[in-house]
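Asker: The structure is given below, and queries will be raised subsequently.
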Amino acid sequence: MAAGSLLCRMSLIRKVCNFSGSCFLFCRMSLIRKVCNFSGSCGLLFLFALAFVLPAAAQSPHQENIQIGLSTDRVMITAGFTGADLTIFGALEDGDPQIARQGRYDVIVVLEGPARPVVVRRKDRILGVWINLESETFENVPVSYSVATTRPFQDITEPASYKQLSLGANNIYMQPMEEGESPATIAEFTAALRERKSATGQYSENVGGVQFLSQNLFRATVRLAPSVPVGTHKARAFLFKNGVFVKENSAQLEIRKSGFEQSIFRAAHNYSFLYGFFAICLAMITGWLGRIVFRKD
Amino acid sequence: MSIYLPIAEISVNILVLLAMGAAVGFLSGMFGVGGGFLITPLLIFYNIPPAIAVATGANQVIASSVSGVLSHMKRGTLDFKLGGVLLAGGVVGSTVGIYVFGLLREIGQLDLFISLLYVVLLGTVGGLMMVESVNALRATRSGAAPVLKKSGQHNWIHRLPLKMRFRASKLFVSVIPVLGLGAAIGFLSSIMGVGGGFIMVPALIYLLKVPTNVVIGTSLFQIIFTSAYTTLVHATTNQTVDVILAFVLMVGGVAGAQYGARAGQKLRGEQLRALLALLVLAVALRLAFDLFVTPPNRYSLAVLGLS
């Protein structure tokens with residue numbers, strides 16, 4: 001058991017960034033939390049070594065557990081961020097080597113954004129003009145939802161099981177704010193919400209995005225949309241054995257924007273009066289300077 | 001070269017924005033209008049959210065109005081008293097406008113309302129200008145002397161009570177229509193992101209009979225303050241003023257205005273007005289097109305309480 005907890009503390013995460021143009025995901029490269037005085041690569045070797053030693057030590061029936069660890073609890077994205085892949089490493093503890101060899105362990109990793117109330121509006125034609133007419137408000141809709149799985153959803157477990165865990169973009173429960181709407185209307189607007197979220201990349205699925213690197217170590221790649229919302233995100237990992245849900249674990253990740261532009265955004269929201277006053281002064285000075293520089297009379 | 005707009009939260013090409021500012025500045029210099037009525041629709045066509053386009057447009061209008069007012073002050077073609085009364089009305093209209101703006105945004109009808117207002121106002125003003133300038137062009141071509149409106153002609157507005165004397169404008173008129181006009185312009189300024197010069201100028205000339213030479217200076221003077229007030233209230237209540245966007249537009253606009261003014265001197269008045277009318281009508285048509293054409297997606301999402 002001591003070995004197990006050691007293993008768990010050694011779980012790791014690495015972020016792989018897609019740089020494009022000025023896009024930049026502030027990332028600290030890789031990182032094993034050093035428990036012992038091992039260097040990074042030694043630690044990794046030690047981890048693999050443990051993976052083989054462990055089953056022999058544990059004679060009792062396997063009590064699988066899943067761990068994910070984040071190297072940092074904060075990710076900073078700068079202006080012009082055009083999306084990135086976030087790689088999360090994790091470990092399967094006390095796994096049955098035989099089941100692992102047959103590939104009957106499955107892992108689903110979800111990165112879920114903060115929940116907010118969302119209004120879905122539908123345009124309808126009135127006198128030839130398209131007008132927002134019907135609307136439906138849902139409480140606590142995750143602003144983003146990225147999933148990575150080892151295999152296609154239908155191969156991992158039963159639909160009922162997903163529903164129970166509310167796992168997957170199609171199974172998130174969306175609570176309408178007002179009661180008494182017809183189920184058909186709610187279904188229509190829920191579908192539209194999911195469709196819009198998928199279209200903007202805020203809800204994404206990466207089938208095959210979780211890969212076992214060894215019997216115990218896995219790597220999950222989830223997509224961050226260009227419009228990934230700032231706030232506290234929750235990384236959750238679900239372990240399935242022979243199509244049955246076994247264990248879940250989660251970690252928190254703060255996504256924040258950084259840089260000059262973000263300071264402006266914060267100023268506009270936190271010091272809005274001063275910000276407005278500054279905007280006016282800037283315009284007046286620009287107008288005055290423009291007059292001096294380009295004066296023709 | 002892309003630049004990230006912190007409030008609009010999108011990346012745009014800075015050269016496109018500079019060109020947009022310069023083009024509108026050129027036209028505003030050429031025609032003597034503020035250009036807000038062109039900037040806001042252009043920003044909307046460039047996928048800037050309408051709420052931000054409007055608030056930022058109001059901010060940008062300040063810069064062009066300040067440089068205009070400075071030259072009018074030097075020439076003495078500015079009636080401070082008339083501007084002050086218009087301004088008092090403007091503050092009231094703008095406050096009401098901001099409230100309506102927030103309300104429309106909440107119920108999801110803001111974009112529609114902005115587009116409808118633009119289509120109706122630009123369509124009307126553009127249409128009237130077109131008719132007027134084509135008539136004038138025909139008249140000069142046929143050699144007939146242009147018919148001048150007699151000054152001193154009185155209409156119903158001059159029979160209203162609470163009269164006030166405006167010396168610089170040589171005017172003795174009731175404050176009610178002046179306040180009302182100011183309020184209407186303030187309302188439009190906060191909802192449409194325009195200075196309102198394209199409505200103010202004809203209204204002062206034709207309704208209040210203000211001498212043409214003081215009209216533009218006075219209109220610009222009050223537009224500075226109405227726009228400044230609008231900018232401040234948008235910044236505090238809706239957080240929709242994008243300083244970076246406004247600044248890039250101002251720089252382009254201030255430079256473009258000078259070349260526009262020079263180009264404007266080479267064209268005749270009627271030709272200028274006909275061209276401006278064409279431009280205004282084109283913008284109105286483009287906005288109307290978006291209202292009537294089937295949208296690619298009928299559903300839209302809005303996150304509540306993100307700020």
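We number each residue from 1, going along the chain as drawn.
Cβ coordinates are placed from backbone N, Cα and C, and glycine is handled just like the others.
What TrEMBL records for this protein is below:
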TRANSMEM  B:12-45  transmembrane segment
TRANSMEM  B:51-70  transmembrane segment
TRANSMEM  B:82-104  transmembrane segment
TRANSMEM  B:110-131  transmembrane segment
TRANSMEM  B:168-185  transmembrane segment
TRANSMEM  B:215-237  transmembrane segment
TRANSMEM  B:243-260  transmembrane segment
TRANSMEM  B:272-289  transmembrane segment
Asker: Which residues of the chain, 6 or more past the ends of the transmembrane segment (B:215-237), have a CB below 8 A from one of its CBs?
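Answerer: Counting only partners 6 or more residues beyond its ends, the transmembrane segment (B:215-237) has Cβ contacts under 8 Å with 32, 34, 36, 54-55, 58-59, 61-62, 65-66, 68-69, 72-73, 75, 77-80, 82-84, 86-87, 90-91, 93-95, 97-98, 101-102, 169, 182, 185-186, 189-190, 193, 195-197, 200-201, 204-205.
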Asker: Quick check for me: are there 3+ Cβ pairs below 8 Å between the transmembrane segment (B:51-70) and the transmembrane segment (B:272-289), leaving out pairs under 6 residues apart?
Answerer: no
Asker: Ranking B:12-45, B:82-104, B:110-131, B:272-289 by the number of C-beta pairs under 8 Å to the transmembrane segment (B:243-260), which range is first?
Answerer: B:12-45
Asker: Sort out the residues at least 6 away from either end of the transmembrane segment (B:82-104), same chain, that have Cβ-Cβ distances under 8 Å to it, and list them.
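Answerer: Cβ under 8 Å, 6 or more out: 51, 54, 110, 113, 164, 166, 168-169, 171, 175, 178-191, 200, 210, 214, 218, 221-222, 225-226, 229-230, 233-234, 237-238.
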